[in-house]
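**Student:** I have a structure here, written as structure tokens, and I will follow up with some questions on it.
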Amino acid sequence: MPNRARRRALTATGALLAAGLLVLPPAAAAAEYERVVNGDFASGEVNPWWNGAGTTGSVVGGEFCSKVTGGTVNGYDALAGQNGVAYEAGQSYTLKFDARAVTEQPISAVAGEAVDPYRQIARTEVVVTPEPQSFTYTFESTLDFPAAGNGQLAFWFGGQSFDNTICVDNVSLIGGVLPPPGLEPAAPVRVNQVGYLPDLPKQASVANESTTPLPWTLKNAAGAAVASGQSTPKGLDAGSGENVHLVDFSAYETVGTGYTLTVGGDTSHPFDISPDVLTDLRYDSLAFFYHQRSGTPIEAEYVGAEYARPAGHLNVAPNKGDNDVPCLAGIGCDYTLDVPGGWYDAGDHGKYVVNGGISAWQVLNEYERALRVGDATALGDGKLSIPESGNGVPDILDEARWEVEFLLKMQVPAGQPLAGMAHHKIHDAQWTGLPLLPHEDPQVRRLSAPSTAATLNLAAVAAQASRLWKDIDPAFSAQALAAAEKAYLAAEANPAKIADPNDGTGGGAYGDSTVTDEFYWAAAELFVTTGKSDYRADVTGSSLYKGASINTRGFDWGSTGALGDITLALVPTTLPAGDIAAIRQAITTTADGHLAQMATQGHPAPYRTQDGSYEWGSNGLVANNGVVLALAYDFTKQEKYREGAFGVMNYLLGRNPVNYSYVSGWGDQPVRNVHHRHWANQLDPTLPIAPPGALSGGPNSALQDPIAAGLLKGCPAQRCFIDHIEAYSVNEVTVNWNSALAWLANWTAEKSTVEPAASCSVAYTANGWNSGLSASVVLKNTSAAAWNGWTLKFAFGGEQKLQHGWSANWSQSGRDVTATNLPWNGTVAPGASVTVGFNASSPGPATTPSTFSVNGSTCK
Ligand code: 9MR
């Protein structure tokens, strides 16, 4: 019970009344392993302690107090305890606890079995009094129970005629020789358990005390050695706390499945070598969002029977529902809102505008990036298994729209105080337990107050959505833009409505006291969509302009400046070309920082905090830094960035010190028991494990839940992880981490084939005057084959309109310009050029289009 103000005297050492128990001195060399979790109740939570029939318990003032109903016959008629406690036969254990009761009575502490036949290892009976006492007692286990098995430590409070309240604290059970699962070193040979691309580096990390090189052997699925070599000792690795070797088998490029790597007698999980290893992850990672949809049934047709469930939170009992949701009492709004739909944030049933915003943005940006500098065909209609598939709209847009429409509903309606702002979040009034399917949630739902951060999230995403749906659904596009502009004005009028950082009952707080980044992001999205000078001034006048907030920690829901930069770097505007180059440079400079750091690490992951610790959702940050590496490749085409981005996948898919694939369903040892109220197989075998494609939050040095705190104390940063459903601070899933994974997974799928060298180059020259310009474009065929017909494409940065073109058939749609050859200039030999040109009206400053393509391939 450290860090608590409460102090009290511990007056007595409890008498050991249990007869016939062998009392042993602790085994000489036994490690001091703590076997109970959350024994000091410092987390303020009961979990993973439980109360049985006849008792109800809670943590009050740092003690675990159980109200006990009297009138029971046996001690075990009223229980509290903890399951999953490990015991080893023949090992010594020391149990300590403090206890007191409102009324004096005997209680028992019982080490034993959680299930029938409820065998006992040891039972001690003590008398608890109003005066707190401290009890200590040592016993030897006669039974074996693995960690998270059927071992139990229980307190028996029954057998009394009267009601009572009994409080325990500082419960500790120390003994055994097997390390607790959290700190047990993982199997030493760590690889990307899914696989490697033939042409990319193939490296593994190996924990081994040897200071000299170790021989390694790569074996194929039949067990035959296909390559061998010597490891490179890397020394003590800070992230894992282990002595690490690197193995590099990049030279082996033969496509195959079921390879294993053996180093010093230890063998890796199996993996493949193939250009296709990662191609389907882009769809599994996007499927996550359909699973998380609120307000609609999740149909077996799309997810399989195992994951199907009824619609959640539609005001159908026992749900109180997301229609007519009132505000939290005392925050100054007396209306109700209809806010059904959207995505559940994570393992909980909250829906948060701050976090929903970055998630929807990133899914949309995955698509917009593909449109601008990548290949959007893989993200077309019919690619995902969702109800909208086949409607003629890219599925990824349909999925994102589910969230965008929810965000729009969170806007304060006209006529109300703070109209135009957005409520920070909507969630349950009280936290619910696990498991609990959304449609079974009985909690009242409530809105938090509008906040500036949420309002700007809405403005940014709605502005981005407006341009992406401009031609697909003009009415929706206009509705989104109107909401975005209204939100931005409301945020400007209320620039410091900061969400209450302590509003964390029943849902996450998502407190964010700095909104400079959200202002910049929203202004950037609005400027790119509208070209309006006011937004432009807010972008160029921001202290964050030109990539100032891009750094090696990365971006996330609380730090969104980079989102504005990414949009500005991808979508042509009238901003000076030098400024866009500066944003791209900030991205590549940061990517260089990641590569330099990864080169020093035993298990390379691009993410750096000042003190080397890992934080909640570290995998989300790692993935977003993978996005930075990927963009650096998009902008420079330098191979080192492509290798870095794939290196991120290696870490996430198993080349890490816990030897887990952090993506469910992917790899030989993927996470299964993520913190989720539906995918709760660990708690209820009739429920499923996580479906393929969900990214666990990953290592978190701060161990902010009782399970992690109990099992992982003292962990090196990259090992602060356990695949346990109640370990929510290390093993939750959430929409913003999956949007990062999905973005990166789409990119790695796209870049799984080596890009041919650019097959064209373009020289663009223009003369401009007040209201127009005249441009000449020289296209050069830099490929080895002749063009027999060509199509040139580029986009204007502003509201330019083609007036007249020559030497090609010219057309314009929105800002996109297309020119196709005329009969006489369609054939262009390798190395030859063709010159075309046009005149255009140009109301604002005209900039050079950033990207040209010929016949679908981007030119230099
Ligand atoms: O992702 C959030 C992380 O950055 C915070 O440190 C943490 C504690 O405030 O909360 C995380 O967000 C959780 C949210 O509050 C509730 N839904 C689940 C989210 C992921 O764990």
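Glycine residues also receive a Cβ, built from the backbone N, Cα and C atoms like all the rest.
Sharing the record's features from TrEMBL:
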SIGNAL    1-30  signal peptide
ACT_SITE  His675  active site
ACT_SITE  Asp723  active site
ACT_SITE  Glu732  active site
DOMAIN    753-860  domain 'CBM2'
**Student:** Looking only at the domain 'CBM2' (753-860), report the model's average pLDDT.
**Tutor:** 89
**Student:** Using a 10 Å radius around each Cβ and counting other Cβ atoms from all shown chains, which of the active-site residues Asp723, Glu732 yields the largest count?
**Tutor:** Glu732
**Student:** For ligand 1, list the active-site residues among His675, Asp723, Glu732 whose CB atom is within a distance below 6 Å of it, in sequence order.
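**Tutor:** Cβ < 6 Å from ligand 1, in sequence order: Glu732.
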**Student:** Between the Cα atoms of His675 (active site) and Glu732 (active site), what distance do you get, rounded to the nearest Å?
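**Tutor:** About 4 Å separate the Cα atoms of these two residues.
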**Student:** Under DSSP, the domain 'CBM2' (753-860) has how many residues in helix, strand and coil?
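**Tutor:** For the domain 'CBM2' (753-860), the helix, strand and coil counts are 0 helix, 58 strand, 50 coil.
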**Student:** Using DSSP with the three-state reduction, classify Glu732 (active site) as helix, strand or coil.
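**Tutor:** Reduced to three states, the DSSP call for Glu732 (active site) is strand.
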**Student:** Please report the Cα separation of Glu732 (active site) and Asp723 (active site) in Å, rounded to an integer.
**Tutor:** 9
